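Shown next, in structure tokens, is the structure this report addresses.
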Amino acid sequence: MYMYYLLGYRILAKPENLLTKDEVDGSHDDGGFQRVKLTDSQLRRRRRSAHFTRSVIFNYVTDEVHSQAENTYILTLDGDVDFHPNAVRLLIDSLKTNKKVGAACGRIHPIGSGPLLWYQQFEYAIGHWLQKATEHVFGCVMCAPGCFSLFRGSALMDDNVARTYATRATEAGHYVQCDQGEDRWLSTLLLQQGYRIDYCAAADALTHAPETFSEFFNQRRRWGPSTLANIVDLLGSWRATISINDNVSTLYILYQFCMIISTILGPATVLLMLAGAFTVVFKTSVLGSYCMALIPAVLFMVVCIYAKAETQMTVASIMSAIYAILMTIVLVGTIGQAIDGGMTSPNVIFLVLLVFIFFISALMHPEEFFCVIPGALYFICLPTGYLLLTIYYLCNMNVVSWGTREIPTRKTKEQLEEDKRLEEEKRLKNERKKKGLLGWMGLNGFFKELGDVLKQMRSDGSTKEKSKTDMLLEELIHEMRSGRENRPMHRMTSSSTMTMTDEETRVIEIHEPIDTRKQKPEVKHVDDVPVWLQREELENPSWLNSNACGDGPVRHLSEKESVFWNQIIAKYLHPINEDRIHQEKVANDLKNLRNNVVFGFFMSSALWIALAMQLQILQDELKDKLFIKIPRFDSDEDLAFEPLGLIFLVFFAAILGVQFLGMFVHRWGTVLHMLSITELSCGKKFSEKDKVRDVISKAMELQKLCNIENEPMPDYDEPIPDYGYSDVEDEFDSISIATADTMNSATPSFYNSNPLGTRTPKQEIFDRRGHSSGAALRKAFEKRFRYEHQNFRNDEEGGERQLDMNPTHARDPASIV
């Protein structure tokens with residue numbers, strides 16, 4: 001909500017930033033000339049010529065406000081992220097270069113310990129080196145991660161971005177697309193609005209990655225469905241996105257379509273690889289190899305649908321260990337198949353191409369070269385990452401809780417007692433059900449429900465309504481009586497006097513003595529409240545009396561800001577009233593969505609596997625007709641390769657080739673970016689004078705950024721001690737004059753203008769806008785420079801330091817400043 005406050009109130013809602021009605025209509029006089037009234041379309045074209053933002057809200061503010069919104073950047077971070085300031089500077093460069101860039105993200109490095117971290121190091125490296133770089137070069141980055149990204153303020157203020165992002169999820173698809181991955185959802189909104197997202201490889205950030213198996217699976221359970229949902233949403237609106245976003249082309253949409261196809265066929269591809277390895281290593285039949293590969297995956301899918309989360313994690317960890325052993329066997333089988341098939345085998349060519357691309361990519365990132373070493377571990381864990389993990393997050397798509405980094409809340413004593421009481425009631429209820437022969441057989445509940453149905457059939461509607469009403473009244477009376485009995489006898493239940501007849505008074509049973517001294521007068525209207533009890537929450541809120549606030553100064557909000565916060569609280573920050581009926585409907589819709597998606601994935605994988613298995617079974621009959629023959633260098637016999645497997649290899653090789661090319665182009669752009677901000681010191685003479693000049697210039701610049709309204713008048717009449725070196729004063733005068741000239745040239749002329757030609761103390765300290773002119777700081781640095789410079793010269797000559805008549809003044813640097 002701070003984003004709403006910064007962008008919506010601090011920039012747009014200030015009265016001085018808004019145009020008047022005459023300025024908006026363009027109908028007022030300007031120097032004797034009547035301005036031409038612009039239409040809405042003309043006004044939009046005029047705005048877009050200087051600014052990229054398409055929102056109509058900027059038609060009612062000045063150009064300075066529009067520029068301020070475009071130059072306002074919001075940095076999003078996670079709590080465990082570490083980065084250097086230079087990384088943010090690189091992200092700012094990306095946004096300053098192109099106004100169409102709505103966000104920029106950097107290179108994320110996972111940190112931690114353990115084998116799971118090694119796996120993620122290689123995964124993050126390949127994802128950034130190849131995938132993000134390719135998206136940046138040929139289109140737009142699909143996701144600006146929330147752990148370290150920089151967003152443009154005007155892009156977030158644009159139509160259908162922040163307002164759509166802040167809407168509450170009401171449908172099952174919204175929970176998956178919006179709530180499970182907010183950064184991916186916000187990035188999709190920016191792309192659909194016409195903005196570009198850049199990737200800066202030199203902006204490094206460190207983030208803590210999951211180190212446990214369950215935490216890793218829970219994290220990917222959120223990321224996987226959200227990524228698929230947002231890509232499908234972008235592909236569904238590809239025509240509108242291409243028409244509004246000139247950074248997204250038809251070829252880029254085709255690339256994203258190929259990526260999602262590879263994601264869908266990923267589990268089936270792993271199963272085909274396992275089945276082929278079983279055939280080569282264990283010498284089993286084709287049908288037996290496919291059964292060995294498919295049965296564990298189908299059983300794990302059943303477990304993920306019907307079992308508890310803890311059981312799923314246990315089964316997944318056991319199967320991951322087994323698959324790691326099998327993948328080692330697969331590696332041996334692949335090497336053996338390569339030896340039998342020769343170097344012209346498509347499997348060998350693809351494997352060599354894969355290793356070559358990863359190795360060259362690591363060489364192109366020398367500082368991250370060692371991230372490629374865990375590649376062997378990544379290969380062994382392929383079934384875990386592409387088979388088990390995909391099945392897990394698809395079958396748990398109906399679970400919309402985050403599940404990562406959640407700390408279990410400690411229950412209070414009352415909550416523990418309530419849980420214990422509920423468990424005891426549940427145990428007694430189960431024991432009553434098991435009593436008797438029917439209870440032992442489990443038919444007690446059945447006959448009880450049957451008896452209730454027969455009673456309802458025999459009774460009419462009025463009897464049923466009457467019985468329900470009587471039961472509710474009895475429960476209400478019981479609760480009221482128990483509540484009165486538990487209260488202390490000396491307290492009053494009523495805060496005002498009630499007028500009742502004698503007959504009504506005789507009916508009420510009095511449980512407490514009436515103390516007329518503790519009765520309060522009946523309040524009929526708010527004006528009857530005494531003045532000393534009245535409180536205005538805006539001017540004198542009750543929480544100010546809390547001891548936690550302390551006795552600090554109080555600054556009241558303006559009326560407009562109070563109205564803004566009240567509206568924000570009413571619209572976005574009120575607690576959500578959970579509707580049980582709506583929650584049940586959303587839960588059912590999520591299960592239906594999960595079932596449909598799982599069925600779609602299952603059918604696509606089943607068709608792909610069935611087709612490949614049938615081709616292998618009929619290999620002898622179709623070898624001369626459908627199989628593709630590839631010549632071998634070491635033999636006259638050609639190698640027959642199935643067309644489905646060859647199409648798969650060519651498909652993935654083409655994607656890797658495109659990503660490899662995109663990585664090279666992006667690395668060249670990174671080199672140019674780093675050269676543009678690099679300062680070369682060769683051929684430059686940098687003396688102590690230059691250091692002092694840089695320090696004074698930077699300090700004066702920072703001082704002018706602050707609105708120093710109460711700067712005290714410095715005591716310039718204090719005599720400067722004579723250090724015995726006459727050239728020091730002339731040397732610093734040249735430095736200060738050069739610094740003053742530099743600062744004056746960087747500021748408007750009216751800052752230092754004085755029509756009367758006088759130099760008063762007020763004009764020497766402040767400019768016409770009330771900002772500090774930096775004179776006091778320059779004088780202080782002058783004194784400090786003379787003192788330090790004289791000590792430096794004395795040390796060089798080997799003499800003792802010359803002290804002032806006042807030893808404390810000479811030895812204490814703070815007193816000099």
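Using N, Cα and C of the backbone, Cβ positions are placed for all residues, glycine too.
The transmembrane segment annotation in TrEMBL covers 252-275 (among others). Long-range contacts of the transmembrane segment (252-275) within the same chain: residues 134, 138-140, 142, 228, 231-232, 234-235, 238, 241-242, 286, 289-290, 292-294, 297, 326, 330, 382-383, 386-387, 390-391, 601, 604-606, 608-609, 612-613, 645, 648, 651-652, 655, 658, each at least 6 residues beyond the stretch ends and with a Cβ under 8 Å from a Cβ of the stretch.
Here TrEMBL flags 287-309 (among others) as transmembrane segment.
Annotation source TrEMBL lists transmembrane segment at 315-336 (among others). Remote same-chain partners of the transmembrane segment (315-336), defined as residues 6 or more beyond its termini with a Cβ less than 8 Å from a stretch Cβ, comprise 213, 217, 273-274, 276-277, 280-281, 296, 300, 303, 307, 347, 351, 379-384, 387-388, 392.
Outside the transmembrane segment (348-364) by six or more residues, the chain places 125-126, 129-130, 334, 338, 341-342, 371-372, 375, 649, 652-653, 656, 659-660, 663-664, 667 with a CB less than 8 A from a CB of the stretch. What TrEMBL records for 348-364 (among others) is transmembrane segment.
Look at TrEMBL and you will find 376-395 (among others) tagged as transmembrane segment.
Counting same-chain residues at least six beyond the ends of the transmembrane segment (597-617), those with a Cβ under 8 angstroms from any Cβ of the stretch are 264-265, 267-268, 271-272, 275, 286-287, 290, 294, 301, 305, 390, 394-395, 397, 626, 642-645. Feature annotation from TrEMBL assigns transmembrane segment to 597-617 (among others).
Summarising the annotation, TrEMBL assigns transmembrane segment to 644-665 (among others). Listed by sequence, the residues of this chain that lie at least six past the ends of the transmembrane segment (644-665) yet keep a Cβ under 8 A from its Cβ atoms are 129-131, 133-138, 255, 258-259, 262, 265, 269, 272, 346-347, 349-350, 353-354, 357, 360-361, 364, 611-612, 615, 628.
Feature annotation from TrEMBL assigns region 'Disordered' to 749-771 (among others).
Here TrEMBL flags 761-770 (among others) as compositional bias 'Basic and acidic residues'.
What TrEMBL records for 791-817 (among others) is region 'Disordered'.
What TrEMBL records for 791-803 (among others) is compositional bias 'Basic and acidic residues'.
Within the same chain, residues 115, 118-119, 122-123, 217, 220-225, 263, 266-267, 269-271, 273-274, 297, 300-301, 304-305, 312, 316, 319-320, 323-324, 326-328, 331, 594, 597-598, 601 sit at least 6 positions outside the transmembrane segment (376-395) and bring their C-beta atoms closer than 8 Å to a C-beta of that stretch.
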